[in-house]
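Asks: Per TrEMBL, the features are:
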type	residues	note
BINDING	ARG91, ARG101, ARG129, ASP223	substrate binding site
BINDING	ASP223, ASP247, ASP251	Mg(2+) binding site
BINDING	GLY286, SER287, ALA288, PRO289, ASP290, ILE291, ALA292, GLY293, LYS294, GLY295, LEU296, ALA297, ASN298	NAD(+) binding site
DOMAIN	2-353	domain 'Isopropylmalate dehydrogenase-like'
SITE	TYR136	site 'Important for catalysis'
SITE	LYS191	site 'Important for catalysis'
Amino acid sequence: MKIALFAGDGIGPEIMEQARRVLDALNLPGIVVWEGDVGGAAYRRHGHPLPEETLQMARAADAILFGAVGDPECDNLERHLRPEQAILGLRSNLDLFANLRPATMYPGLEDMSALRPEIARQIDVLIVRELNGDVYFGEKAMRKLEDGRRQGYDFMSYAEDEVRRIAHVAFRAAQGRAEKGTGGKLCSVDKANVLETSQLWRDVVIETAAEYPEVELSHMYVDNAAMQLVKDPGQFDVVVTGNLFGDILSDQASMCVGSIGLLASAALGERQTEFGTFGLYEPIHGSAPDIAGKGLANPMAMILSLAMMLRHSLGREADADRIEAAVAKALQDGVLGGDLGGDAGTVEIGDAVLARL
Ligand code: ATP
Ligand code: MG
């Protein structure tokens, strides 16, 4: 299996180093690890935030582990040369259309949640958001009507194959949780009472369900889902939804669990590798330039991104479970980074996770 590591800018290299230590400790058979430049770091060395050689490496890999991009010193560059273009370019060039964002409450961290602790305790949800379609990518215009009034216009559309492929990703994730005994429910979120796109979404999700008899499917309107997510988050296991609704619900779910230094994400493509689904894995936080180079960053989100990679792209579910359990144990033992009000540094947290692996 071939893994590409793109550490990027700011705290990216520091937290990637800790994820690399965890990866090395697993001693995976037949593993090949490449390192590539992205972001401001790549701009300095190659004159572009996503050099051709990085893109080729990404295409040849079975999975990509991505740190963070973003560099205040690059803020004045032309848009296409800015560090952020690296992640946007990877998403579009590799057709990474499925965004997976798990939100899990770790015991002892309930006070970090925006919810009451007894409600926060129940959260263990995986949001699967479609990333390449919907109203964000439809025809759009700002125009003048005949009477001179300005009108903004965005065209919302989904084709059935776009819905079907994201539905498969979500059903597979729910089925994986069913097999592990940690879940097995899929809630599809739409607005089918008013939107044609949502009616199609619902029809296609129902058709797809026939292939996954073990998964318990339900449907919910997005307004109700937003309410239920804070009222009774324990009812959700896997949630699948379109780009617009998923954008909002995934940020909402993140804040329900709390710290930015703990949340991982995946962007999956359609290509199946020998071991799973091709994908790119990254923390949801950015390059945190304010603490870069100080050894203060919490590497847990990066390490949990590695766990997601093992699960979804590399067929190493047991290793993913081991890493997640080691992180949970470290947190339970009070190994807390600055983002959680503690004083454990980057290397210290890496040590603590390794020791519990
Ligand atoms: P970018 O533009 O790269 O997204 P940003 O400053 O907008 O950067 P983040 O990088 O996510 O956003 O940082 C937001 C805040 O959270 C910063 O104060 C940062 O120090 C903190 N932070 C982010 N990630 C971590 C982490 N892994 N450990 C500790 N603190 C973090
Ligand atoms: Mg940011």
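Including glycine, each Cβ sits where the backbone N, Cα and C put it.
TrEMBL does not curate its annotations; it predicts them automatically.
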Asks: Looking at NAD(+) and its recorded binding residues GLY286, SER287, ALA288, PRO289, ASP290, ILE291, ALA292, GLY293, LYS294, GLY295, LEU296, ALA297, ASN298, figure out the farthest C-alpha pair and report it in angstrom, whole number.
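Replies: Across GLY286, SER287, ALA288, PRO289, ASP290, ILE291, ALA292, GLY293, LYS294, GLY295, LEU296, ALA297, ASN298, the widest Cα separation comes out at 16 Å.
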Asks: For ligand 1, pick out the binding-site residues ARG101, ASP223, GLY286, ASN298 that have a CB under 6 angstroms away from one of its atoms.
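Replies: GLY286, ASN298, by Cβ distance under 6 Å.
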Asks: Measuring Cβ to any atom of ligand 2 with a strict under-6 Å cutoff, which of the recorded positions ARG91, LYS191, ASP223, ASP251, GLY286 qualify?
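Replies: Correct list: GLY286.
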Asks: Highest CB neighbour count within 10 A among the binding-site residues ALA288, ALA292, LEU296?
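Replies: The residue with the densest Cβ neighbourhood is ALA288.
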Asks: Near ASP247 (Mg(2+) binding site), which binding-site residues out of ARG129, ASP290, LEU296 have their CA within 10 Å?
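Replies: Those near ASP247 (Mg(2+) binding site) - Cα within 10 Å - are ARG129, in sequence order.
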Asks: Please report the distance from the Cα of ASP251 (Mg(2+) binding site) to the Cα of LYS294 (NAD(+) binding site), rounded to the nearest angstrom.
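Replies: The separation of the Cα atoms works out to 28 Å.
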Asks: Which of the binding-site residues ARG91, ARG101, ASP223, ALA288, LYS294 has its Cα nearest to the Cα of LYS191 (site 'Important for catalysis')?
Replies: ASP223
Asks: When a 10 Å sphere is centred on the Cβ of TYR136 (site 'Important for catalysis'), how many other Cβ atoms does it contain?
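Replies: Cβ-Cβ neighbours of TYR136 (site 'Important for catalysis') within 10 Å number 14.
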